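Copied over from TrEMBL, here are the features:
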- 17-42: transmembrane segment (TRANSMEM)
- 48-68: transmembrane segment (TRANSMEM)
- 89-108: transmembrane segment (TRANSMEM)
- 120-138: transmembrane segment (TRANSMEM)
- 145-165: transmembrane segment (TRANSMEM)
- 177-198: transmembrane segment (TRANSMEM)
- 210-235: transmembrane segment (TRANSMEM)
- 255-280: transmembrane segment (TRANSMEM)
- 287-305: transmembrane segment (TRANSMEM)
- 317-334: transmembrane segment (TRANSMEM)
Amino acid sequence: MEIEKPTGGAAAVEKRIFLIINCIILAIGNCGGPLIMRLYFLHGGKRIWFSSWLETGGWPVILIPLLVSYTRRRRANPGAQLILMKPRLFVAAAVIGILTGFDDYLYAYGVAKLPVSTSALIIASQLAFTAVFAYFLVKQKFTAYSTNAVVLLTVGAAVLGLHTSGDRPEGESNKEYLTGFFMTVAAAVLYGLILPVVEYTYKKAKQPVTYTLVMEIQLVMCFFATVVCTVGMIINKDFQAIAREAKGFGLGEARYYIVVGWSAIIWQGFFLGAIGVIFYSSSLFSGILISVLLPATEVLAVIFYHENFQAEKGVSLFLSLWGFVSYFFGEIKASKKEKMKLKNTTTGDDQILEAQLTHHTPAHEP
């Protein structure tokens with residue numbers, strides 16, 4: 001399997017630029033998605049399958065960059081293929097999409113039933129699951145810095161769990177609360193598996209993996225996840241309830257449709273950014289970035305929803321940033337070490353070649 005990533009000095013810079021772009025897209029989706037979903041529930045939204053559908057229902061947005069990519073390929077090569085994905089990879093992306101659809105429902109159920117701080121705490125634990133699955137599936141190598149980052153980010157998430165019992169929604173039964181809790185735990189475990197599975201799929205694709213192909217994978221994943229949620233909406237009769245729910249929405253009917261529309265678009269940013277980061281880096285880094293954005297989401301919730309900013313959230317933010325810096329410091333050291341090793345190897349080869357040339361050069365007699 002060949003993953004077509006940039007090589008060389010200028011190409012390495014290009015790779016970092018695209019990695020940064022995907023990090024920004026992921027950050028917007030990771031922070032904006034839960035906030036806008038919470039906005040839906042805070043002002044009268046109650047349809048869990050519908051909110052799950054919105055997480056991947058914006059998949060047609062991916063057609064725009066795919067069309068641009070095809071136009072550029074067609075300009076360079078008139079015989080360029082419209083679709084790069086082969087059947088084997090299509091099936092793998094479809095299976096991952098089905099798993100994502102169920103994960104969407106588990107996550108949406110947790111957001112609907114649990115306080116933001118509690119659901120965020122549980123979801124952040126997915127980093128530990130991502131690390132474990134990445135170790136077994138893609139043989140992810142851990143350094144002292146990456147291990148330190150995982151520990152700090154996990155502890156930072158755990159700190160958010162302090163005093164969450166006081167945030168339990170009024171009028172909610174213990175059964176509903178516990179169901180929401182375990183559903184969210186299941187969502188964390190499942191998505192912790194999905195990230196390394198995506199990276200494993202890249203490695204076993206048996207075709208060159210380009211960013212265009214990554215977008216095709218994203219489209220297929222989200223399409224099948226949306227199919228799963230559509231079936232759930234049909235069974236739960238959510239389609240018939242949308243118009244009625246819009247009329248009773250706390251912010252008004254027009255804003256209801258604005259909220260759900262932007263929700264679909266912003267969540268696409270999360271999924272596209274996540275698999276883009278995996279492509280340009282690794283599933284572990286994607287999981288680390290998702291976890292480090294957790295306190296940022298909490299801060300935004302304080303700003304937009306006037307939630308209390310307890311000391312625990314400040315400590316969590318500090319630990320998360322510390323873990324993130326630790327990971328990057330380790331990556332920088334590893335990169336310098338690799339460059340030094342490559343330089344020494346090149347220098348050694350040059351010295352051997354010079355010695356061989358000297359040895360085989362005949363001496364000039366006077």
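Every residue, even glycine, has its Cβ placed from backbone N, Cα and C.
Just so you know, TrEMBL annotations never went through curation; they're auto-generated.
The highest tally of CB pairs under 8 A with the transmembrane segment (48-68), across 89-108, 120-138, 177-198, 255-280, 317-334, is held by 255-280. If one looks beyond the transmembrane segment (255-280) by at least 6 residues along the same chain, the residues whose Cβ comes under 8 Å of a Cβ in the stretch are 3, 5, 15, 18-19, 21-30, 32-33, 36-37, 39-40, 45, 50-51, 54-59, 61-62, 100, 195, 198-199, 202, 209, 211, 214-215, 217-218, 221-222, 245-246, 249, 286, 289-290. Taking pairs at least six residues apart, the transmembrane segment (17-42) and the transmembrane segment (287-305) share three or more Cβ pairs below 8 Å and count as touching. Nonlocal intrachain contacts for the transmembrane segment (89-108), taken as residues 6+ away from its ends with a CB within less than 8 angstroms of a stretch CB, comprise 37, 48-49, 51-53, 55-56, 123, 183-184, 186-187, 190-191, 193-194, 197-198, 201, 204-207, 213, 216-217, 220-229, 232, 271.
The transmembrane segment (177-198) shares the most Cβ pairs under 8 Å with 120-138, out of the stretches 120-138, 210-235, 287-305. Under 8 Å from some Cβ of the transmembrane segment (120-138) lie the Cβ atoms of residues 34, 107, 110, 114, 150, 153-154, 156-158, 160-161, 164, 181, 184-185, 187-189, 191-193, 195-197, 199-200, 203, 282-284, 286-288, 290-291, 294, 297-298, all in the same chain and six or more residues away from its ends.
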